[in-house]
Amino acid sequence: MKRQCMNRVALIGTGFVGASYAFALMNQGIADELVLIDVNKEKAEGDVMDLNHGKVFAPKPMNIWHGDYQDCQDADLVVICAGANQKPGETRLDLVDKNMNIFKTIVDSVMRSGFDGIFLVATNPVDILTYATWKFSGLPKERVIGSGTILDTARFRFLLSEYFQVAPTNVHAYIIGEHGDTELPVWSHAEIGSVPIEQILSQNDRYRKEDLENIFVNVRDAAYQVIEKKGATYYGIAMGLVRITRAILHNENAILTVSAYLDGQYNEQNVYIGVPAIINRNGIREVMELKLNETEQQQFHHSATVLKDILSRYFDDVK
């Protein structure tokens, strides 16, 4: 009966990102139950106490407790934020060796509980580890989702909104590809309202292509800048994870840029990578295939190739 009327989220990893996600989830009143699981039990217990002390101010009551992997059995969604953090000077791909073994242990432990829900992966390198989660879990590909380029897309829309002086909600633009150094902007589908940005540039001398190129560079390198200043990024990605959570638990059929499995879309195979996808209670309903121009298609293929080159070191069927 609980599975029919209650939404349970199991959060694995209560570091900066995990704790921020738990806080944002409680504040938005999306889930009914939240169980925190961490190798550092004292930290998880402290977070539970802290969150529960603020529950009276939340929009709706949420049952929050510290648990273990067996609590994943009745979870609708398992969110993985555990793993080694990116340090100054490191790329996200530098974290692969550190986190692959951690993920094997985590996913095996979750599946032993009898879990039959959806995985949402946030740990970097997210595209690689989402693929690993799919392989380790044996779940259908649509029920394993990575945060992908949801934060990059949000950063992109924010900076474009600042440049064009419009609300971010009126900016429609995507960052796709690896959540990392090979990601790319889809300028051919970027719009302010319903007006293509390329059209705005051609009609108004106030806006310059060079400025837009700098905006993308700032999007791509934003994590490095934040890490250099404060040691880690966590608020933005936590909000993105909650947005994906809402789309899943509320069956929204929302289009979000997540790390999704490609099986021929964008002319790519056997890779998880950031693309727009329709998200609902069943996970990824379908991948939205944008018609890329030739340059974008080449950049996207390069991004997928970089990811597959790394995956091939760990999985024999990736070529």
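Glycine residues also receive a Cβ, built from the backbone N, Cα and C atoms like all the rest.
Here the structure is a predicted model, which means the values were calculated and not measured.
The NAD(+) binding site annotation in Swiss-Prot covers Val17, Asp38, Lys43, Tyr69, Gly83, Ala84, Thr105, Ala122, Thr123, Asn124, Ser147 and rests on sequence analysis. Annotation for Lys43 (NAD(+) binding site): spatial neighbours Thr14, criterion Cβ-Cβ under 8 Å with sequence separation of six or more.
The substrate binding site annotation in Swiss-Prot covers Gln86, Arg92, Asn124, Pro125, Val126, Asp127, Asp152, Thr153, Ala154, Arg155, Thr233 and is backed by sequence analysis. Counting every protein chain shown, 30 other Cβ atoms lie within 10 Å of the Cβ of Val126 (substrate binding site).
In the three-state DSSP scheme, Arg157 (beta-D-fructose 1,6-bisphosphate binding site) falls into the helix class. Among the features that Swiss-Prot reports, beta-D-fructose 1,6-bisphosphate binding site is placed at Arg157, His172.
DSSP assigns His179 (active site, proton acceptor) to coil, not to a helix or a strand. There are 32 other Cβ atoms within 10 Å of the Cβ belonging to His179 (active site, proton acceptor). Annotated active site, proton acceptor per Swiss-Prot: His179, in sequence order.
For Tyr224, the entry in Swiss-Prot reads phosphotyrosine. The DSSP secondary structure for Tyr224 (phosphotyrosine) is helix.
Inclusion criterion for the recorded positions Val17, Ser147, Arg157, His172, Tyr224: a C-alpha placed within 10 angstroms of the C-alpha of Gln86 (substrate binding site); this criterion is met by Tyr224. Tyr224 (phosphotyrosine) is surrounded by 16 other CB atoms, counting those within 10 A of its CB over all protein chains shown. For the recorded site, His172 (beta-D-fructose 1,6-bisphosphate binding site), the DSSP three-state label reads strand. A distance of 21 Å separates the Cα atom of Val126 (substrate binding site) from that of Arg157 (beta-D-fructose 1,6-bisphosphate binding site). If you take the C-beta of Thr233 (substrate binding site) and look for same-chain residues 6 or more apart in sequence within under 8 angstroms, you find Val17, Leu151, Ala222, Ala223, Val226, Ile227.
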